[in-house]
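Here is the structure we will look at.
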């Protein structure tokens with residue numbers, strides 16, 4: 001009897017993979033690949049420079065004034081950058097907690113590394129609790145847009161004014177003071193800063209319009225030459241070129257800086273925090289930092305992300321939790337207290353950052369520098385032209401301030417400007433927030449009472 005070959009159509013099919021673990025792993029890999037995928041190679045690299053105007057001055061000041069472990073800070077903030085890039089898929093920044101840093105720099109003796117880390121841990125713990133319990137999301141929905149825009153405008157103008165100060169005045173970061181007028185000529189002169197600002201303006205323009213009209217798109221398509229020129233401009237990493245120029249000038253200003261470089265990571269150890277340090281850290285550091293973290297690091301970041309990346313709005317809960325976890329882990333090892341920030345997000349977007357790959361690339365560079373050079377990197381940063389840092393910070397501040405252009409009614413603009421004015425003059429986002437909310441409520445009551 002002849003054996004019959006089986007019919008191909010009747011062969012048993014390979015059963016689908018119903019393993020939940022395999023499906024979950026495939027989903028995670030797909031999401032990580034999507035979130036870290038570069039939209040533009042040069043654009044993401046350029047965008048990674050957009051936050052350095054804030055990051056470098058504060059880190060340098062804390063290292064010089066309070067002996068912050070720069071190597072440990074670079075490693076941990078690099079890890080934060082990579083993780084947030086993977087989680088969010090946008091250039092979510094990692095910035096120093098500015099109020100804590102300001103207290104540490106201005107207090108010559110009573111607020112040192114243990115107090116700084118205690119303040120960061122307490123702030124992170126409170127933010128984590130607010131996020132896990134869902135209270136942060138309630139706060140986010142409760143705050144009107146005009147007040148959020150006021151906080152963003154005040155922060156953007158504050159960055160811009162600090163940037164102009166960096167360009168015009170000689171800075172002593174270890175004392176957080178301006179020393180005198182900067183010279184016009186020289187390797188850190190005002191002419192250099194002005195030329196760098198002009199170069200970035202010429203290459204990047206005023207920024208990409210997020211809502212182009214159909215007519216504008218048609219006009220652009222008709223003008224083939226202009227379209228081609230814009231494509232060429234988009235491939236030039238202006239901020240990265242300026243940053244590389246600053247690195248080269250740092251070595252030219254003091255060639256012997258090479259002799260001060262020691263290879264290898266800094267020694268990492270757990271910070272010993274006494275009861276007195278916990279008390280001082282909470283009172284002097286956490287209390288002034290917490291309102292700024294809630295408003296600028298969570299609320300304003302969530303709103304700005306929805307503006308810049310429509311359809312990718314992040315919950316205030318998730319952002320609050322990530323900020324909390326960053327500080328509950330890193331501060332124990334002496335890493336600088338960190339948070340997210342609307343200014344950093346605006347700066348990285350301004351220079352071309354569009355994906356999580358932008359900050360992941362920056363994070364990888366930080367980790368490499370932390371492991372290879374450690375704290376000795378501070379000798380190079382100390383020679384970096386401050387005017388160039390001012391230029392990078394200036395464009396980040398302007399980009400953040402420009403988000404307020406959607407205030408269409410006079411009432412919204414009024415609330416926003418009250419909030420901005422009080423925040424700037426009082427140097428406190430919390431006071432500006434309270435005044436903005438009060439004015440908003442009064443205007444609403446006035447509307448209800450009008451016949």
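The backbone N, Cα and C atoms fix where each Cβ goes, and this holds for glycine too.
Please treat TrEMBL annotations as automatic predictions, because they have not gone through curation.
Here TrEMBL flags 1-22 as region 'Disordered'.
Annotation comment: TrEMBL describes 1-12 as compositional bias 'Polar residues'.
Residues or ranges marked as transmembrane segment in TrEMBL: 70-90 (among others). Long-range contacts of the transmembrane segment (70-90) within the same chain: residues 31-32, 34-36, 55, 59, 63, 265-266, 268, 305, 308-309, 312, 314, 318, 322, 326, 329-330, 333-336, 338, 340, 345, 354-360, 362-371, 373-375, 377-378, each at least 6 residues beyond the stretch ends and with a Cβ under 8 Å from a Cβ of the stretch.
Beyond the ends of the transmembrane segment (116-140), by six or more residues, the same chain brings 62, 66, 68, 97, 100, 103-104, 271, 273, 277-278, 280-282, 284-286, 289-290, 293-294, 298-299, 302, 315-321, 323-328, 330-332, 334, 336-338 to within a C-beta distance below 8 angstroms of the stretch. Under the heading transmembrane segment, TrEMBL lists 116-140 (among others).
Taken from TrEMBL, the feature transmembrane segment applies to 146-164 (among others). Long-range contacts of the transmembrane segment (146-164) within its own chain (CB-CB distance under 8 A, at least 6 residues past either end) are made by residues 53-54, 295-296, 299-300, 303-304, 342-343, 346, 390-394, 396-404, 406-407, 411-413, 415-420, 423-424, 429, 432-433, 436-437, 440.
Sequence-remote contacts of a segment are chain residues at least 6 beyond its ends whose Cβ falls under 8 Å from one of its Cβ atoms, and for the transmembrane segment (184-203) they are 167-168, 233, 236, 238-239, 241-242, 245, 249, 252-253, 385-388, 390-391, 394-395. Marked as transmembrane segment by TrEMBL: 184-203 (among others).
The annotation transmembrane segment is assigned in TrEMBL to 232-252 (among others). Sequence-distant contacts of the transmembrane segment (232-252) (same chain, six or more residues past either end, CB-CB distance under 8 Å): 40, 42-43, 45-50, 52, 187-188, 192, 196, 199-200, 203-205, 258, 351-352, 380-381, 383-385, 388-389, 391-392, 395.
For 358-378 (among others), the entry in TrEMBL reads transmembrane segment. Residues 36, 38, 44-45, 47-48, 51, 60, 63-64, 69-75, 77-82, 84-86, 91-94, 260-266, 348, 352 of the same chain lie 6+ residues outside the transmembrane segment (358-378) yet bring a C-beta within less than 8 angstroms of a C-beta in it.
Among residues of the same chain six or more beyond the transmembrane segment (384-402), those with a C-beta under 8 A of the stretch's C-beta atoms are 49-54, 56-57, 152-153, 155-167, 170-171, 182, 187-190, 192-193, 196-197, 200, 204, 207, 239, 242-243, 245-247, 249-250, 253, 304, 342-344, 346-347, 349-351. What TrEMBL lists as transmembrane segment is 384-402 (among others).
TrEMBL lists 414-443 (among others) with the feature transmembrane segment.
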